Amino acid sequence: MAPVPPGIRFLASFNRDQWYKAFTFALTFLLYTSFHLSRKPISIVKSELHKNCSHVMRAPTESISGQQPVLHPELDCSWKPFDRNNYKQLLGAMDYSFLCAYAIGMYLSGIIGERLPIRLYLTVGMLTSGLFTCLFGLGYVYDIHSLGFYVFVQVANGLVQTTGWPSVVTCIGNWFGKGRRGLIMGLWNSHTSVGNILGSLIAGYYVSSNWGLSFIVPGVIIAAMGVICFLFLIEHPNDLKIASAQSSAPSSQKVHKNWNGVNGHKDLYLQYKPGAKTQSWDTELLLGQESIGVCVPVQQQQVVVVKSEAEPSPISFMRALRIPGVVEFSLCLLFAKLVSYTFLFWLPLYITKAAHLDAKKAGDLSTLFDVGGIVGGILAGVISDKMGKRATTCAVMLLLAAPTLYGFSMISQFGLGPTIGMLLVCGGLVNGPYALITTAVSADLGTHKSLKGNARALSTVTAIIDGTGSVGAAVGPLLAGLLSAQGWDQVFYMLMTADFLALLLLLRLVMKEHCSHRKRPGVAVE
């Protein structure tokens with residue numbers, strides 16, 4: 001008999017639980033990648049909406065009639081209404097419309113998401129986001145020049161995109177425990193940078209020939225991912241255990257009553273009877289011995305335990321704010337996300353002006369910032385896991401980021417090589433704290449011991465932290481649009497100030513971590 005190939009032995013070493021974990025990890029990664037993929041085109045298209053149309057062609061009879069030079073139709077390339085002198089303010093208003101709606105909607109999204117099935121909530125959000133993203137691109141197809149149209153589309157898209165983050169973080173939090181959470185979340189959160197890179201490449205491919213497709217193609221992608229979400233997303237591992245229990249039970253003993261639980265989950269759990277020799281994936285102990293339940297026979301070696309205590313109620317907004325560390329990390333994220341989103345929306349335009357590159361090359365070069373962000377997010381997670389100090393990890397990266405931003409503003413004028421290097425370093429230091437706070441820190445605080453195991457708090461805590469951060473994300477690009485009119489140096493001074501303020505807001509938690517004698521992974525806020 002031929003030996004089993006080593007690759008097959010490796011695959012067979014994983015049980016069903018681990019395969020479903022990996023599947024959920026990959027699926028939620030791709031789902032939120034499509035969210036960021038659909039947000040990126042506006043930053044690539046900005047340089048196409050307002051071009052340098054200084055080339056003129058004199059009329060054939062100019063030397064005879066003395067007529068003034070007129071713009072050649074092919075060279076009149078700016079897209080109205082962004083052809084005005086205040087185009088930076090108009091483009092900044094576009095960013096602000098999306099991000100302000102996103103920030104406001106985020107506070108509501110977490111509360112709503114706790115009360116609805118995650119799979120359906122996320123699916124509707126992705127389908128409608130695809131619709132509004134395509135609508136922006138259709139403005140090019142149907143030659144729409146109304147500022148109100150584009151602002152409306154941005155506001156609507158910002159609102160529906162708030163369905164994404166609380167949903168995917170809650171889902172991934174349901175599947176993965178606290179062990180190595182920083183590393184897992186750091187790897188998983190690279191979807192932000194991967195989405196930005198793919199969005200830049202897709203938008204850059206079409207931007208010079210038909211910028212409408214720069215929006216339509218990402219819109220179709222996120223809508224298609226919404227359909228995949230509806231078909232395949234598993235919200236909680238208990239859903240599979242319940243389905244397995246009901247399918248394996250004899251028809252006369254199947255439980256037909258629905259027991260509503262968290263996010264639509266059924267509060268049914270499997271538990272072995274005393275004396276059982278082994279525990280398989282289908283029959284692992286999910287309730288502690290102290291849990292009070294009603295036992296319903298299903299098979300000879302297993303029972304279904306139905307929790308008889310009242311299900312946990314959704315956490316209130318004010319109670320979530322009282323969780324130690326939520327306010328500090330939320331305000332820190334406000335300034336950290338201000339910096340990150342200013343780069344997200346304005347970096348390609350800055351490279352176009354500073355390095356004198358066209359829109360496609362600037363968009364491709366800007367992806368290096370996100371490549372650095374992937375590395376920074378993973379490093380932040382690994383270091384915080386090893387040290388057991390989330391706030392300290394964020395503080396050190398913020399301290400290093402501010403002078404690095406100043407260096408980037410200087411070095412980016414000295415050629416392509418130094419610019420590439422500084423983009424990678426800036427991306428890692430800017431996105432590292434942002435990634436850590438929005439993922440591992442949010443999951444830690446959403447499962448804080450003061451909640452006494454209430455699993456319904458994670459979505460609300462995540463929404464509060466990311467919603468507060470989104471306020472900064474809305475303000476940053478708007479300020480960048482206003483300050484860039486006075487010179488790009490003013491924009492970088494604003495970004496450095498924001499980094500220092502984020503650092504100051506974490507000092508209390510940093511001191512608390514260093515004064516704590518318990519060295520354990522997680523957030524040292526109790």
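Glycine residues also receive a Cβ, built from the backbone N, Cα and C atoms like all the rest.
Note: TrEMBL annotation is automatic and uncurated.
Per TrEMBL, these features apply:
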- 27-514: domain 'Major facilitator superfamily (MFS) profile' (DOMAIN)
- 90-112: transmembrane segment (TRANSMEM)
- 118-142: transmembrane segment (TRANSMEM)
- 187-207: transmembrane segment (TRANSMEM)
- 213-234: transmembrane segment (TRANSMEM)
- 326-347: transmembrane segment (TRANSMEM)
- 367-384: transmembrane segment (TRANSMEM)
- 396-416: transmembrane segment (TRANSMEM)
- 422-445: transmembrane segment (TRANSMEM)
- 457-479: transmembrane segment (TRANSMEM)
- 491-510: transmembrane segment (TRANSMEM)
Positions whose Cβ lies under 8 angstroms from the transmembrane segment (422-445), at least six residues beyond its ends: 165, 169, 172-173, 178, 181-182, 185-186, 188-190, 192-193, 323, 325-326, 329, 332-333, 336-337, 339-340, 343, 365-366, 368-373, 375-377, 379-381, 384, 390, 393-394, 397-398, 400-401, 404-405, 407-408, 411-412, 458, 461-462, 465-466, 469, 502, 522-523, 525
Feature contact check the transmembrane segment (213-234) with the transmembrane segment (118-142), CB under 8 Å, 3 or more pairs: yes
Going through 90-112, 187-207, 396-416, 491-510 one by one, which has the most CB pairs that fall under 8 Å from the transmembrane segment (457-479)? 90-112
Positions on the same chain near the transmembrane segment (187-207), where near means CB under 8 A and six or more residues out: 25, 28-30, 32-41, 43-45, 47-48, 172, 213-215, 217-218, 344, 348, 359-360, 363-364, 366-367, 370-371, 373-374, 377-378, 381, 427, 431, 435, 438-439
Should the transmembrane segment (396-416) and the transmembrane segment (90-112) be scored as in contact, given a threshold of at least 3 Cβ pairs under 8 Å and pairs 6 or more apart? no
Restricting to the same chain and to residues at least six past its boundaries, which positions have a Cβ under 8 Å from a Cβ of the transmembrane segment (491-510)? 325, 328-329, 331-336, 338-339, 342, 346, 350, 389, 391-392, 394-395, 398-399, 401-403, 405-406, 408-409, 433, 472, 476, 479-480, 483-484, 523-525
Beyond the flanks of the transmembrane segment (90-112) by 6 or more, those residues with Cβ under 8 Å of it: 39, 42, 46, 49-50, 81-82, 84, 121, 147, 150-151, 154-163, 165-166, 314, 317, 341, 345, 349, 459-464, 466-468, 470-471, 473-475, 477-482
The domain 'Major facilitator superfamily (MFS) profile' (27-514) [mean pLDDT, rounded to integer]: 78
